[in-house]
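Reviewing the structure listed below.
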Amino acid sequence: MSFLKKSLLLILFLGLVSLSVCKEEKRETEEENENEENHEEGSEMKRYMFHLMDGEAKKRDSEENEIEENHEEGSEMKRYAFGYPSGEAKKIKRVSEEENENEENHEEGSEMKRYAFGYPSGEAKKIKRESEEEKEIEENHEEGSEMKRYAFGYPSGEAKKIKRESEEENENEENHEEGSEMKRYAFGYPSGEAKKM
């Protein structure tokens, strides 16, 4: 029985608390509504005092907006007529300049990092890549030339080099023999021909 009484008292107490909370919320809501109504009445009085009726104020705002739009259209026409960039073009130009500046700063930062850690710069990589490409192109050209020579029966670069070296050796040998002949004649030694006789 005691338990039943305690639970009923607890329920009754909670009901009273919730009722008082609801009354407090209702009173606060009524006060807020009253304050809002007073504010609206005050605003209406101010508008009436300063001759700014709702319709008149809206009319003025629309006229001001129309004047501003006409001014912007006129400015746009002037820019177009005299070749000046519009606000949008200026914005695009400014954005591209900022992107270029950011890219330059990034490249400078990357260059500093490469320098600090001993990595080659983009320019060095580019030069290295170009030289490798040139070597590859030259090798491909040489291979193509070698195939053509083989196909058409022309001597290859190596064969030409060997032939040229043997011709140079023969020429050097002839020059040496002529020089030796001149020396022998100048100093009175018999030549190889004279020795044979």
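The backbone N, Cα and C atoms fix where each Cβ goes, and this holds for glycine too.
According to Swiss-Prot, the listed position annotated as serine amide out of S20, S75, S191 is S191. Of S43, S110, S156, the one with serine amide in Swiss-Prot is S156, while the others lack that note in the record, though it may still apply to them. Scan Swiss-Prot for D-methionine across M49, M182 and the hit is M49. Record note: of A89, A186, Swiss-Prot gives the feature D-alanine (Ala) to A186, with no matching annotation on the rest. Cross-referencing S7, S18, S86 with Swiss-Prot, the residue annotated as serine amide turns out to be S86. Within the chain carrying the compositional bias 'Basic and acidic residues' (88-97), a Cβ under 8 angstroms from the stretch's Cβ atoms is held by none of the residues 6 or more beyond its ends. DSSP classifies A151 (D-alanine (Ala)) as helix under the three-state reduction. Rounded to a whole number, the distance between the Cα atoms of A186 (D-alanine (Ala)) and A151 (D-alanine (Ala)) is 54 Å. Using Cα positions, the member of the modified residues A81, A116, A186 nearest to M49 (D-methionine) is identified as A81. A186 (D-alanine (Ala)) sits 71 Å from A116 (D-alanine (Ala)), counting Cα to Cα.
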